[in-house]
Amino acid sequence: MACNSSTCNSSGCYKGYVEEEQPKPNTKAAVNGGNSCQNLCVKCKVNEPVCCGIGGENSRFCKDCFKNNLYGKFKQAVTYNAMITPPDKVLVAFSGGPSSRVVLQFVHEMQYKAQKNYDANKDKSLPVFGVGVAFIDESSTHSFTSQHIEKAIEDIRLIVSNLAPPSKELFVVPIESIFSSDGIDGKERLKELLDAVSDVTGKEDLLSHLRILLLQKIASENGYTRIVLGSCTSRIACHVISATVKGQGYSLSADIQYVDSRWEIPVVLPLRDCPAQELNTLCSLDGSLKIVELLNGPCSGINGLVSSFVKVLQEENPSRECTIVRTAGKLTPFHFNRVPEIHDSNVPSATRRHQKRYTLKPNGSLSSDSFCPICNSPLKKSNFPSSLRSHGSQQNPDLFASACSSCQFQILPKDPSLMEEFLSLLPQQMITKAKHGDQGNFSLLREQIQEFLFSDGENEI
Amino acid sequence: MEADSKPKKSGARLCCVCNQNRAALKRPKTLEQICRECFYAVFEEEIHQVILENQLFKPGERIAIGASGGKDSTVLAYVLSELNRRHNYGLDLFLLSVDEGITGYRDDSLETVKRNELQYGLPLKIVSYKDLYGWTMDEIVKMIGLKNNCTFCGVFRRQALDRGAALLKVDKVATGHNADDIAETVLLNILRGDIARLSRCTSIITGEDGPIPRCKPFKYTYEKEIVMYAYFKKLDYFSTECIYSPNAYRGFAREFIKDLERIRPRAILDIIKSGEDFRISTTTKMPEQGTCERCGYISSQVTDAFTLPDTL
């Protein structure tokens, strides 16, 4: 059935169409005339190159040009998508790894430049955006020594305090704080919750959903308007494959855009175009970019398998991750994949015009009002009837019926009798979403008939 | 739920469906313990449901089953003729085989198909490259080597199937593409940036706007289960790879899917579901599928099956 030839070009074969991927990096040195060119940075042609980008021999850079190349990609992502504007307060999620170290550094440098401009400017109309850092301490979910954790946190404090001026607030928050304090020990509850999930992949994914909820909580409680994640091309490529493998093809395009505004505090991914390999190289070149050893264990289950698969592909062709992300980038995003419109008059009108021009036009027919209460992924419209039907018909049907099929399979308990207990262990934010899910459907229906209704009071559901 | 790795208990384990017979196997798709009879029943019933839900056939239609002699097409021929009888689909079934003229491969598998014709009572039509074009693949490879041989073979085979189908005057062609094949293709299209194919590759019926529509009744059937069915039913099939195919990119995806299936069997169906659900805009620029100027059959943008032989 399958064509097994790597050279096949027939139209019946997957290779039939002109391939849209980048060509394999040329291992021969660029023919530029003369040996001297092979020993110069490809960008400035002045300094000696010290490292290679993804393009192999064709992308040998000196340290400065290499860094500027990456910073350029970051800056373009921020500007093009209007990620950060003057009145914003930006919370950088910091895990200690190379990607989050680089994104923190770049955000800091951007802020530092803005501060200098502000100080030099007589007209102080444009404030400098604020930056905070959040580190989520997940030590309660695995067994590192407390010494190890404390040392890591100390290192992080040092890193953040050195990134001043402008100074940045650091939040070190244990993952169990996601549960609002109501007398129950957070650590115990977290352990019970994770133990209630039998699937290894489900456990890992549930933890990452809790992580994002906690970041939202920290940002919201402290007045932050944006959350910056250091997600790089490589991580996104892995997510594309793992979401496909988990049956989440519909919601995939929501997770991989530059901007994700379905949350209360929009989440932005300025390093989307930067491969992990280059970020790692930058950290090893630049001594000031100290990494804190990752405190979380390696992924297992599906996530681990996908990670090794992408690694194998990447070894075969270093531009594979980019191709994966580019392909997935052709999927239609959702209406929430852009920053909310800027109404602030403090923001220069040029920026507002720019944002209007480049943000996606919302496509009403494709918008979806319901989201999975566990992973917040947009649900296909066909899920409407099931949650409406089950509303109020059993004791706690809402959670199962309103969740996406992936969460139904890998996170929620198989045994319906265990559902109520599971519900009691989940953080409040997820429960609220489960209840709101139904009301979301009703409000969508109401919107469609609004013009024919007479008075609000009589027609409240 | 992840695969159970506990050691087998001693003592009889019963089939989970009939609860009477001893379980003979574990279903690769669901890991259920099941006896042979119930396995046959559930295997056949699932395919029957796929045919009904997707309205693959209409009563009175003439259907050509693309028969290579391999396990997929052999099992397809067997099951389709069985279901046709059992559920009165009212179909006229034929076996359609393409002889590319590859010694040591196709000549052996064709013997299998000829035996299938007798075993299943389905009339067989063989269309050969030699008759259609005047060349065999062996001759082509002698001329052009192993570099682009699949280019020619793929275009020719597709045409040959269409021509054979036209000669048989059938309404549709059914092929044995299984769930593993389709999941691999979804992954491959993501890896290779082929958004156009990605939007089409999960369709159970294709080519409706062309000369002969094709359908894939095994779209949700696991390869392992096809093998199991053929094994227990002692069906006659031929299994080797084409001698001209070197190791290829699809191998990466295949390995990965095998590993996936081990820890989560339903992942194969989940990949297909993702493929069906991908939000691909209909206004996305897609390369067009060309048709040959002279005869109207599908051809790639680059090659024309009439001019190819001229270039040889």
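Backbone N, Cα and C define each Cβ position, glycine as well.
Going by TrEMBL, these are the annotated features:
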- B:63-247: domain 'tRNA(Ile)-lysidine/2-thiocytidine synthase N-terminal' (DOMAIN)
- B:G66, B:A67, B:S68, B:D72, B:V98, B:G176, B:D181: ATP binding site (BINDING)
Candidates B:A67, B:V98: member of the binding-site residues with the richest Cβ shell (10 Å): B:A67
For B:G176 (ATP binding site), nearby residues of its own chain (Cβ under 8 Å, 6 or more apart in sequence): B:I65, B:G66, B:S68, B:G70, B:D72, B:S73, B:V75, B:L76, B:K216, B:F218, B:I226
Chain A neighbours, restricted to the binding-site residues B:G66, B:A67, B:D72, B:G176, B:D181, by C-beta under 8 angstroms: B:D72, B:G176, B:D181
Binding-site residues compared (B:D72, B:D181) - the one with the fewest other Cβ atoms within 10 Å: B:D181
Neighbouring C-beta atoms (10 Å sphere around the C-beta of B:S68 (ATP binding site)): 21
Cβ neighbour count within 10 Å of B:G66 (ATP binding site): 23
